[in-house]
Every structure is written in C-alpha cells, then in structure tokens.
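Participant: Quick one: structure below, then a few questions.
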Amino acid sequence: MSGLLGARTCPGPGETSDLKFPLGAKFREPLTEARFQQLFGDAEQEPEPLAEPRWSRLRGLWRRRAGARSGLGAWRLLLARLPPLRWLPRYRWRAWLLGDAVAGVTVGIVHVPQGMAFALLTSVPPVFGLYTSFFPVLIYTLLGTGRHLSTGTFAVLSLMTGSAVERLVPEPLEGNLSGIEREQLDAQRVGAAAAVAFGSGALMLGMFALQLGILATFLSEPVVKALTSGAALHVLVSQLPSLLGLPLPRQIGCFALFKTLAAVLTALPRSSPAELTISALSLALLVPVKELNVRFRDKLPTPIPGEIVMVLLASVLCFTSSLDTRYNVQIVGLLPGGFPQPLLPSLAELPRILADSLPMALVTFAVSASLASIYADKYSYTIDSNQELLAHGVSNLVSSLFSCFPNSATLATTSLLVDAGGNTQLAGLFSCLVVLSVLLWLGPFFYYLPKAVLACINISSMRQMFFQMQELPQLWRISRVDFAVWMVTWVAVVTLSVDLGLAVGVVFSMMTVVCRTQRVRCLALGLAEGTELYRPLRESHKLLQVPGLCILSYPTPLYFGTRGQFRRILEWHLRLGEGGQLTPKTDSPPDAVAEPVRVVVLDCSGVTFADAAGAREVVQLASRCRDAGIHFLLAQCNASVLGTLTQAGLLDRVTPEQLFVSVQDAAAYALERLELTGPKTCTVWV
C-alpha cells in the first residue's frame, strides 16, 4: 500500500494554491481502473461477464435440481418448497395457538357469506364461492410464505372472472329459463370459471419455473391501488340490480359501468320494494359495524362478525315471512352438501381464456406479494416471491379441478386476520374448518338467504378500496408522476374495463419511466472550495471550474432511447460540430472568448446500464474527441457498463490509463499530467 499514498501532504514551499486545504489532509495518487485491480483485485482475473444469459441461469437451476436427487439436496428442496417444515418445528404453541384459532375462526365466519357473495359476482352459484374459500386456503397454508396472509375469494378477480364468464357463456336473450336450462347454463359457466382459474394457475407456475417473480414490480403501487379502487366502483354498480331486485342482464366490455347505470335508471320504476327494503336494512347494519371494527380495533378482543349476523337475521326473516313466495324475493336456495367431483377443465377453452388468465395471474401475484411484503416488513420476517408464485399457481390450478374460480390474497380478510391476533399460516386451517362445517352440515341453514344481502356484503367489503382515494392528496405532494399514473389507471379502469385499465396503467407507468430517462439533465461539475467534492456548477457560484477541464455527469441509463440526447448534450458542452470540428456554444455572448476544452471527464456513476447502441455512442464520442484534440477520460463506470463499452471497442479509442475509479482521480490526473492551470490538486484526499 506504500505506492498508494502520495509523498506530499500540502503544497510545497513557496507554492500558492487557490484551494483551502483542511488541516492534516492526506493525499494519494490518482487511481485508474487497472491500478485499482492491481492493488485490490486479481489482475489476472478474467473480466466478469456482463450478465449471465437466461438460458445459462435456467441450465444452472436445472442442474441444482438434478443435484437435489441426493438425500441432502432433496431435503433442502423439500424445506424450500414446503414452508411448514421450517416454521412448524419452531411454532410457539402456548403463545400463538389461541390467537391463530380465534383469528382463523373469525376469518372463516367472514369467508362463508363473502364467498357466496363473490360467487354471484363471478356469475356462478353461491356454493362455488364456498369451495373457493376452502381449497385455495388449505393449499396456501401448505405452500405459502406469508404468515399473516389470508387467501380466498377476491372482489377484483371475481369481477374480472365474471366478465370473462359472461362473454364465454352469455345468457340466452329470451330469458325465463326453465330449471333444467338454468342448471345447464350454470354448469357451463362454472366450467368456464374453472378454466380461467386453471389457465391463471398454469401461467403462474410457468413464471415460477422461469423464476419471474420480479415481474410483480411492473405493477407499481399506484397502478395496483388505482386498479382496486376502480374495480370497487365496478362492483358497486354491478350490484345495483340485485339491490333493487331488477332482473337485468350483466353488461360486459368497454363502458360496461355506464351501460349498467343507464339500464338501472331505465328500469328503476320496476324495482322490488321488498328487496329494496332488505338492501337498505342490510347496509344500515353492515356499514356501521365495519366502521366500529375499524375505529375500535385496538379495544375489541375480536372484530364483530357483522356479515354472519346479517346473514342469520335475513335468513330467519325471509323464512318466517315467506318473502320468497309472497314478494318474489330471490334467495340462495339449496347448497349441495359435500365436495364436487374432481374434473379437469375443458382444455379446448384454454386458447379462448388465455387473454383473460394473464391479467388475472398478474393481479393475483402483484396483490398477494405486496400484501405479504407489507406484513412481513411489519413483523420482521421475509417472504420468497418465487415461492409465492408457486403457492398461488398451485392454489389456482389444483382448486380449478374442484370447480373453483380464480383466487388470491384479499386485503379485507388479511387485515381481519391480523386484527384478530393471527400469527402464522396455521390460522388458515381453522378457517378451513369453519367453511368445511358449512359445506358438510350447515348448508341448509342458508337456503332462505336473500341474494340482496349478498350484494350488500359485496358493497360493504369494498370499503377499504374506496378509502384508498384518500391517499391522493399525499401522493400529489410526494410525486406528481405517480399521481398521474394513479389517475390514468383509475380512469381507464372505470371507463373501459378492469383488464384493459390494467394494461393502460402498466403501459403508462412504463412510459413515465422512459420519459423520465429522456428528460434527465447532464450536469457540469465544479470543485467545492476546501474539499475534494465535485458538485453541479448551477448549485453555487463558489464552485471552482478549471479552464480547459470539463467534468460532466450523465445520470441516466445509456441505451437506444437516450443515445440521441446523449450525443446532443455532449456536442453542446464540448462544442463539437460535424466531423468533430470545434464550434462555439450557441448561447454564448458574441464577445465572449471561450476557453477551448482540452480534457473532458465523463462521470458514469449514474449510468446503471448501457446497451450496444449506447456503448457505440460512447466509442464514437471518444473517437471524435481524439480527432478534435480533446483528452477523453471516463470515471466511475460500474463493471457491467465497463464490460459493455469494452466489448464495443472502447479500448481501441482510449488507453486503460484513461479509465478512473472516481471523478476526483480523473480530475487530479488531468490537472497534474496535462498541466492545466487552476487549483493545484495533483493528489486526491483520503
């Protein structure tokens, strides 16, 4: 290390300096990338590849899985893919069991009415909502890594699935179907919903096999929140016919929300007074109970199960008053006991439902992963995003064999699980026991349940999604770009449809990222007096600028989309015209005598990556600088960018001595070796 330190600690006798050195400052020689590798790395080491190809990573993955055939490897794979083998031996039975039991039973009680309600939103009979509240929860308990995550029916997915089902299996125009015809229509719709779940699960398993858990990052938080808020409005409008007792066909496609509103307003005189009264009384009970649960969550030992209370009261009222026969109130009817026979969905439907399954798979994973991450951060544990893909993929695929529709984690039941004292995935087993008891024994008690009550449960469960709009003022203050993403996504979801709105939101969000890389300013740096720090010149007039030395910082990726901007900015700063000839700056005063640039230092610390087009642009810039007599230096390139530039032929234009580890080293080299006038900073402080 003796060669690293400089011999001088301050300006020599009789020398003057424009720079105020701190007392006791130490100096070292400027470090190039090559010198740095000699001192701190293996000089003979082969350059690291730019990025491991996808096929190489897949090959390595399959090799590791093949190696897992040994006993130790198989056990490690089993531990990774079955999380209960890791957390169950460390389970604190005395401290956690009661909380998991209470939370699981509480969530299970909510799953029963909510599952039946969301089944109607999916355009399938209510009992299939109970199946979807049982099988996916059981599977996620065995495969999921989110300790506080509650899975099952989700309003947004139910709405998207219902739109797909109505398009694939539309209701006959003549209406007034017989009992047999209604059963056949329901069976076809159940098959279509199960096929959508099968396709969604298969896509998530494919993403897991390719280790594509990172794809969830493309659904940013503003996109997800705007999607769920817009979908909540769709749910509210779609339930209006059930609230009012109007037998209207479901509207699908673009502008479905406005079509439904128009149809409801037109048919409003034909609304049923009995069902309207039931809906009003149900909302009058459900909404205040929801508010009490939120306001007194810390004081209540367990949340008040308003949904199940409302279901029991409405069922008793309908039975004792014979509302179904006297006032033609629509009721749930008989819930078949037991489980359906396992049945593989029709594979012929898969090509038709692929366009529906893909957005559902993305929404499922994005919502579930974000919810799991929120509670993992809150309770100090980690989740595996790829394992979450496996858990939700298997959950959707296997449950589709039992006629379940697409499912995911839900915000309402997850927060309910946490508020009720849940600690681990074991709470899911207690939730399954509650749903199982309804499927096996308690189903007949829901025979007289009015469907209007289920519509009210759907609407009241949207409370948290509607209240997400309260975050908009804060989002406006933090980032107006994110605010624009939120609003564009929400408007697209409301006016078009949920899946098209999702696509618009993702595309617009990615466009904002690209546009921000196009609007980045290239900063000219100057030396802060009394330090070795280089800061943008526009920040202070006290920064020192050495005549003939131009230090530029380009803080954005260098790729095909920014190469033109990069070329124009560098040409303007270096006054390079056509053919590399020097030209005056266009904004300089006519009588100004500009000092010609002799050395340019390009700070690449903000260039996170460079593609072939961007790398060739840097190589061409180096060639033009050489032709114009400008010494070209690069500083602070990361390994990936430096490797790309090297492959593009940079070392044919510059020498390794022109590549530096920092801006300070490059500037010190320029001042010392090229004899530039200015502050005599021939060494770098350490």
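Just so it is clear, glycine is given a Cβ too, placed from its N, Cα and C backbone atoms.
The annotation domain 'STAS' is assigned in TrEMBL to 539-670. Per TrEMBL, transmembrane segment is recorded for 95-112, 118-143, 190-214, 358-377, 428-449, 483-511.
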Participant: Sort out for me which stretch, of 118-143, 190-214, 358-377, 483-511, has the most Cβ pairs below 8 angstroms to the transmembrane segment (95-112).
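Facilitator: That would be 118-143.
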Participant: Taking the transmembrane segment (358-377) as reference, which of 118-143, 190-214, 428-449, 483-511 has the most Cβ pairs under 8 angstroms?
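Facilitator: Result: 190-214.
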Participant: Please figure out which one of 190-214, 428-449, 483-511 racks up the most CB pairs under 8 Å against the transmembrane segment (118-143).
Facilitator: 428-449
Participant: Should anything in the same chain at least six residues away from the transmembrane segment (428-449) have a Cβ under 8 Å from its Cβ atoms, list it; otherwise answer none.
Facilitator: 100-101, 103-105, 107-109, 111-112, 115-116, 126-127, 130-131, 133-134, 137-138, 140-141, 150-151, 311, 314-315, 318-319, 324, 331-339
Participant: If you run through the domain 'STAS' (539-670) with DSSP, how many residues end up as helix, strand and coil?
Facilitator: 55 helix, 22 strand, 55 coil
Participant: For the domain 'STAS' (539-670), provide the mean pLDDT of the predicted model.
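Facilitator: Mean pLDDT across the domain 'STAS' (539-670) comes out at 80.
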